[in-house]
Structures are given as structure tokens and as C-alpha cells.
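Feature annotations, courtesy of Swiss-Prot:
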type: DOMAIN; residues: 1-249; note: domain 'IMD'
type: COILED; residues: 115-154; note: coiled coil
type: MOD_RES; residues: T248; note: phosphothreonine
type: MOD_RES; residues: T257; note: phosphothreonine
type: MOD_RES; residues: S261; note: phosphoserine
type: MOD_RES; residues: S281; note: phosphoserine
type: REGION; residues: 302-328; note: region 'Disordered'
type: COMPBIAS; residues: 303-328; note: compositional bias 'Polar residues'
type: MOD_RES; residues: S331; note: phosphoserine
type: DOMAIN; residues: 339-402; note: domain 'SH3'
type: MOD_RES; residues: S354; note: phosphoserine
type: MOD_RES; residues: T412; note: phosphothreonine
type: MOD_RES; residues: S414; note: phosphoserine
type: MOD_RES; residues: S420; note: phosphoserine
type: MOD_RES; residues: S422; note: phosphoserine
type: REGION; residues: 451-511; note: region 'Disordered'
type: REGION; residues: 483-511; note: region 'Binds F-actin'
Amino acid sequence: MSRGPEEVNRLTESTYRNVMEQFNPGLRNLINLGKNYEKAVNAMILAGKAYYDGVAKIGEIATGSPVSTELGHVLIEISSTHKKLNESLDENFKKFHKEIIHELEKKIELDVKYMNATLKRYQTEHKNKLESLEKSQAELKKIRRKSQGSRNALKYEHKEIEYVETVTSRQSEIQKFIADGCKEALLEEKRRFCFLVDKHCGFANHIHYYHLQSAELLNSKLPRWQETCVDAIKVPEKIMNMIEEIKTPASTPVSGTPQASPMIERSNVVRKDYDTLSKCSPKMPPAPSGRAYTSPLIDMFNNPATAAPNSQRVNNSTGTSEDPSLQRSVSVATGLNMMKKQKVKTIFPHTAGSNKTLLSFAQGDVITLLIPEEKDGWLYGEHDVSKARGWFPSSYTKLLEENETEAVTVPTPSPTPVRSISTVNLSENSSVVIPPPDYLECLSMGAAADRRADSARTTSTFKAPASKPETAAPNDANGTAKPPFLSGENPFATVKLRPTVTNDRSAPIIR
């Protein structure tokens, strides 16, 4: 394909402009993209390092397992191998920055200046040569015009030959300049592309070596890694032997087995005794809902010796919900006979009414406790005479001592504060009339208490007469002796009641 000098000249100039207007700006963009690539790879290497550090930590956890120790070591080795490969990749990308990014940055600044100067020099020389050629051609035309109308033709002919030679030499010179300029421009362009290819080939060689090194390293370790996780349900022989020993233990106990403490053994004996009792006895009904009614005169029927056990029993009942095993341990520590059931004696009559889960009894009856623990003021026991079982208020009974007789004891004031303190002078043989207990009618009791408080405000100088010991008082419906002052007058006219604050879960506070 033949081209004229002007066409070649245009190709030369377009080549220079292509380098300056397309290649160099593209190179600048490539440098920016390469820097972003570097940042991404560095971030990937850091993230990979953190990831494989986590793999190593999990491997350390696995090494503590009796069946996964080998897998733990494999995880640690995988972590170290990949971190080593990441370090090698980091070194390769340092070369990428040094051999490509840094070199391109250095070349681009120099090349812009060089290409501008080269193109300008080419255009200037081409213009000068072209002007010289045109000037010689103009002189040749002038000589030819003069020689045509002149008589001395030989004189102009000699000059014409000289100008023709000059024009020819200058045409050859300018053509050679255009050809050399075009070649130089194309080579300059090629050198730049070649430089870019050469730098990336060098980096590719580093990456190739990195991949060969990685493949060699992974090929030497990967089969052994895969072998450790082929059978996930395989248990090491040592662990299997240990499991078999646990399945078939020897006849002699292990010397290092801890023995139970004596207190726990005694608590277990008590618990077994209660379990045996619950198995042999019929099914126990649930305790009534609500707290049992507490008689305000209960302490008057307790001996000093029995008042403390009663208070202890109330205290123990309040702490029952906290820890049953503790109360059983305390019962054992107090010396109670575990094999002997506790008995109580009734001090007030009690009527069950229509509730089949409650127990009815009269005053002075003996009840065997089937459950020695109170539940909200209720006890569960069996009547010694009727053999009936049921729940009853604990405040209607007192502990039965072995040497206690059936005689009525003298009521003594309780050492602990009671809800009301009477100033009536009661004789030793007289007894207080006890109203029929009915714990279900709390509202009627509250009204009766209000009426007694109103009657206490009236001023009366009545004093209860002492009953004669030689005359026996008749019994009322409750089984208690009828006092001689039941003549319709108020026996508690001189009683002054102190204001109290009653809390169902605590003793009254006297102000």
C-alpha cells in the first residue's frame, strides 16, 4: 500500500497526538485503578489474616476436645498455611506497586513533556523543509519563464539545471524526513505499549510463581487434611475404651468418689420416712386456700413449757417455703424421734362443715400429725379415735407431751405479746367461755370484735367473782365449765384494749 508524503505526514502527526491525547490519559486512569486495586488487595489480606486468626482460635478450642484434637491441629495448620500464602501475595503486590504503579507514575510525567517537544520539533522541521522546497520550486519557475523569452538561452539553461537539482534534492530530503518522522512516531507509540506489556508480564511472572508455590504447598498438605474429616462419626480408640469402661464399671467403687455428709444422710433418712408414709397413706387432699384462723386466746391454754415449742412451730412454718430440707435438718438436730409420729392435743373444738378436706374434733382430742410441717397455719393429721384424716388449724392445738395428764391445766399468760390483755381477775378454777370457732366466718368475727371494742369503752366496776371450788360448774355445749358470772352482765367491762396492728404474716405489734 503506497501513500504519498502528505498522507504519511498526517499519520505521523496523528500518532503523536494519539499518544498524547489517548495513551497518556489512559495511563493516568490506569495508575488510579492500580492504586485502588492495591488497596482492595491489602484490605483482602488484612481480612484474610483476621479470618484465619479466627480459624486458629477455633482450632485451639478443638484441641481441647478428646475426639477433635487432630481436627484442631488441622485447623491451626490450615490457618498458618493460608496466612503464609497471604504474606506471599502481599509481597507480590508490593512488587506490583514498585514495578508498575511507581514506574508508570514516573514515566507519565516525563512522557507528556517529551511527546509535546517531539511533535513540535517534527512539525517545525517539516515546515522549514517544505518552505525551502517551495522556494526552490518558485525560483525554478522564474528561471524557466526568463529563458523562454530571452536571446541568451544557454545562460538560463545552466541556471535552470542548477535549480532543478536543488528542487529534486530538497524533495528527496523532505520525503526522507517525513518517512523517518513517521517511523519514529510509530516506534515511540510501540515503545510505550511495549513498556506497559513488559511490566505486566513481570508482575504476571511473580503471580505465576506465587500460584506455583501455593499449589505445591497445598498439594503437599491437602490430602492429609481431607483424610482427617472423611469419617465424622469415628471416635478414637482411646476414647472408645474409656466409654466402654464407663458402660461396664468395675465392682469396686472409685477411691476418689466423694461421700455424702452425715447431715445429708440424716436428711435423706427423714425424706425416705416421709416418702414411705405418703406411699402407705391415702392420697392427701390439698391444703385449704388462705391462711388458717388464729385464736386470740391460744396462748392462755399453753403451759410455759409448751409455749416455746408452739412459737417455734409457727416460726418453722413461716420458713418452710424457703428450704424444706433445712427444716428437716433442724428437726433432726433437735433430737426428735424420726420413727415416732408427733401428736397434738386440741384446745378448741373444730367443725369441718361441708368441706370434706377438713377434720372435725372436740376439745381435748388427740390427733396424730401425718405431716409435721405447717402450710399457711394448717396441719394435716389423723384423729386417734375416729381415724378420720383432714386439715385443721394449728392454732386450735398444742403439742402433746408424754407425761401430760388429762387434767385441765391452769391457763397462764404467754411470754410473748398477745392480741389483747384482760385485767379481769380470773381465779384458778374458773375458765373463759370460748365461742364456737368458725374460721370461715371472718366477717362476722370482725363485727364481733368491733362490738367488744365498743363495750370496752363503757365504764363499769364489775369484777368477776371467784367460783367456789366445792361447787362444780355445769358444762356448756363447747365442753368447758360454765362460769358463775354468766348472768347477762358484761364480764369484760373493765377490760382496756390497746390498739394493735395485725399482720397475717407476723405477730401483733402492741402500741
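Here the Cβ of each residue, glycine as well, is placed from N, Cα and C on the backbone.
T248 (phosphothreonine) counts 6 other C-beta atoms within 10 Å of its own C-beta, drawing on all protein chains shown. Around the Cβ of S354 (phosphoserine), the number of neighbouring Cβ atoms within 10 Å comes to 6. S354 (phosphoserine) falls outside any helix or strand according to DSSP and counts as coil. Recorded residues S354 (phosphoserine) and T248 (phosphothreonine) have their alpha carbons 59 Å apart, per Cα-Cα distance. Assigned with DSSP, the residues of the domain 'SH3' (339-402) fall into helix, strand and coil as follows: 3 helix, 31 strand, 30 coil.
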